[in-house]
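For reference, Swiss-Prot has these:
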BINDING   SER13, MET14, ASN39, LYS40, LYS53, ILE54, GLU66, SER67  glutathione binding site
DOMAIN    3-82  domain 'GST N-terminal'
DOMAIN    88-208  domain 'GST C-terminal'
Amino acid sequence: MEEEIILLDYWASMYGMRTRIALEEKKVKYEYREEDLSNKSPLLLQMNPIHKKIPVLIHEGKPICESIIQVQYIDELWPDTNPILPSDPYQRAQARFWADYIDKKTYVPCKALWSESGEKQEAAKIEFIEVLKTLDSELGDKYYFGGNEFGLVDIAFIGFYSWFRTYEEVANLSIVLEFPKLMAWAQRCLKRESVAKALPDSDKVLKSVSDHRKIILGID
């Protein structure tokens, strides 16, 4: 009998993409439920009463919240298929450090890039570029962030790639030209079926964000 696994998510969420990628890497069957973020479902509010946000992974009726925690949970449940965390304790700690860095350093500036204008957007641009420089340096000449194996840090960051065009268009950023190593890394990740299935089309993301800025925020 198959385990019941439900993912409450939103198609454009780079955080939900992490969980989708992890599930696909492990070849785990699950039920995907799209959430309307302007009218959150009773199930979402019940399963994540503290933060009331996606993604929420529901395993046999039990909720697991926060995407990086979900990815590690999935890796622990199915350790034999495409391991996400390295077996070496130090390397595992390093992977967790960089995943945490991505979470702590990207959320505020990335949201401001598309939801703000003027000085706030300019400040967000500077902050995000510094993050990209740091990650570019950490990647170096490695195939993936952890070396030759696709892992936690790759999963933590690759979802942002689907938003890069949006950041470039709405915030006048130059990411593709300025960070060729990160772009090459993203293309390598996209060759994996799990990533290709999880990441939405960048044009779709741009249109959604542009519509939101114009209609809801009144920003061109």
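Cβ coordinates come from backbone N, Cα and C, glycine included.
Everything Swiss-Prot records as a feature, shown here on the structure.
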{"residue": "SER13", "record": "glutathione binding site", "Cβ neighbours (10 Å)": "19"}
{"residue": "MET14", "record": "glutathione binding site", "Cβ neighbours (10 Å)": "23"}
{"residue": "ASN39", "record": "glutathione binding site", "Cβ neighbours (10 Å)": "6"}
{"residue": "LYS40", "record": "glutathione binding site", "Cβ neighbours (10 Å)": "15"}
{"residue": "LYS53", "record": "glutathione binding site", "Cβ neighbours (10 Å)": "17"}
{"residue": "ILE54", "record": "glutathione binding site", "Cβ neighbours (10 Å)": "24"}
{"residue": "GLU66", "record": "glutathione binding site", "Cβ neighbours (10 Å)": "19"}
{"residue": "SER67", "record": "glutathione binding site", "Cβ neighbours (10 Å)": "28"}
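DSSP classifies LYS53 (glutathione binding site) as coil under the three-state reduction. The record assigns SER13, MET14, ASN39, LYS40, LYS53, ILE54, GLU66, SER67 to the glutathione site; their largest pairwise CA distance measures 21 Å.
Secondary structure at SER67 (glutathione binding site), taken from DSSP and collapsed to helix, strand or coil, is helix. Per-class residue totals from DSSP over the domain 'GST N-terminal' (3-82), listed helix then strand then coil: 29 helix, 17 strand, 34 coil.
Per-residue pLDDT, averaged across the domain 'GST N-terminal' (3-82), gives 98. Counting residue by residue with DSSP, the domain 'GST C-terminal' (88-208) contains 93 helix, 2 strand, 26 coil.
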